[in-house]
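Peer 1: For 337, the entry in TrEMBL reads active site. Positions annotated as transmembrane segment by TrEMBL: 32-53, 73-95, 107-127, 133-153, 254-275, 348-370, 377-395.
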Ligand SMILES: CC(C)(COP(=O)(O)OP(=O)(O)OC[C@H]1O[C@@H](n2cnc3c(N)ncnc32)[C@H](O)[C@@H]1OP(=O)(O)O)[C@@H](O)C(=O)NCCC(=O)NCCS
């Protein structure tokens, strides 16, 4: 007791923080993550069994197909997707003419603007006018067209940048029309929105990796069987609405997390592995976001990279301020969110648009007033509560406009 340090032979005690206190700087929570996964699997297995015993198999294949098709002999959404090839060929043809110098840059730009405008308007008109398209089929077709719009926009920009640097002359000499077509279709199917003249490629297809991702996709789809949100929305007073919102929040959040894993990890990696596409950065650690800005920079990397390269940085380079450029990106994103929800539902309510635009003041508020774990909790809260607000609004409005008088739908809800 009280001896100088040099006299103590073994130093078992030292000045240090407990691991779970944030001052310790300890960050490896891998074991806790595994515990969460084990608990999630166990509790879902119980819920899955309970639901199976009580309701039977909820995922009825006929019901799933009827989400996409009203009539098994008419496939309007699939036809719409097949027609999208026309726009790919217009872009290819325009680029070939531009590379050969047969048309001027101005004419090329006009054709591109026309092509890109039609890509957005044509499916919208078809979905709004054709009663045989279901909301899910319409959302799928519009999703494909939106991705194609972003890809062809990138294709246009990159080829122009290369022409400006006179590289494309060399490329046009080495590439035949068949090569161009093959490369274009590789880009169309590749899990990226940003065009490159040389995509990074992995060496081979790893069968084990491919099968694991496939297994995850199938497994995650069966998980939906255990999540059954309840929407009974007649007589919506505010206290009932809040109760419904809180009841909806957890299953909605679970569905969103399963969707995130299934889409951004399993299926994108599956496609990338099949195509030997090398860049697998589809998401970063958004779950550690302490600000809303960090969340948007890290949760959907393909869209974020497209926004930076083709919209945000060009605006900054033209002298627009940072706030204006950020607002413009969020405005465009809000437009696409609304487009993808309102058109298939044939109902224009602007909830998705407002939800996306609300990210700007929310980002300012969180960055200004909250730090560290409080900021992280605020990001999680905005995800857990914010999304079901929009979902609830759409479900309520859809129910009121389409289903109130339909006893079969009322019963299903
Ligand atoms: C708007 C958005 C693009 C801003 O991104 P950000 O990363 O916060 O932007 P920053 O201001 O930090 O700058 C990003 C880049 O621009 C560069 N930059 C900043 N100011 C610049 C200027 N004046 N001139 C040129 N470049 C500039 C930075 O150097 C940085 O470059 P880097 O990526 O090579 O490091 C982003 O928030 C976003 O993607 N939002 C929309 C997301 C979305 O809608 N997703 C939909 C998912 S469903």
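The backbone N, Cα and C atoms fix where each Cβ goes, and this holds for glycine too.
If you look at the structure here, what lies around each of the features I listed?
Peer 2: Packing around residue 337 (active site) is summarised by its Cβ count: 18 other Cβ atoms lie within 10 angstroms of its Cβ, all protein chains included.
Long-range contacts of the transmembrane segment (133-153) within the same chain, counting only residues at least 6 positions beyond its ends with a Cβ under 8 Å from a Cβ of the stretch, are 66-70, 76-77, 80-81, 84, 87-88, 91, 112, 115-116, 119-120, 122-124, 126-127, 187-188, 193, 195, 303, 306, 310, 336, 339-341, 343-346.
Residues 186, 189-191, 202, 205-206, 209-210, 213-214, 216-217, 220-221, 223-224, 227, 229, 282-283, 299-300, 383, 387 of the same chain sit 6 or more residues outside the transmembrane segment (254-275) yet have a Cβ under 8 Å from a Cβ within it.
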Peer 1: DSSP on residue 337 (active site), three-state: which is it?
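Peer 2: Assignment for residue 337 (active site) reads helix.
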Peer 1: Take the transmembrane segment (73-95) and find every residue of the same chain, 6 or more past its ends, with a Cβ under 8 Å from one of its Cβ atoms.
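Peer 2: For the transmembrane segment (73-95), the list is 103, 108, 111-112, 115, 118-119, 122-123, 126-127, 130, 132-134, 137-138, 140-141, 144-145, 148, 152, 155-156, 159, 180-181, 184-185, 188.
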Peer 1: Looking only at residues six or more beyond either end of the transmembrane segment (348-370), which have a C-beta under 8 A from one in the stretch?
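Peer 2: For the transmembrane segment (348-370), the list is 290-293, 296, 326-327, 330-331, 333-335, 337-338, 340-342, 378-379, 382, 386-387, 389-390, 393-394, 397.
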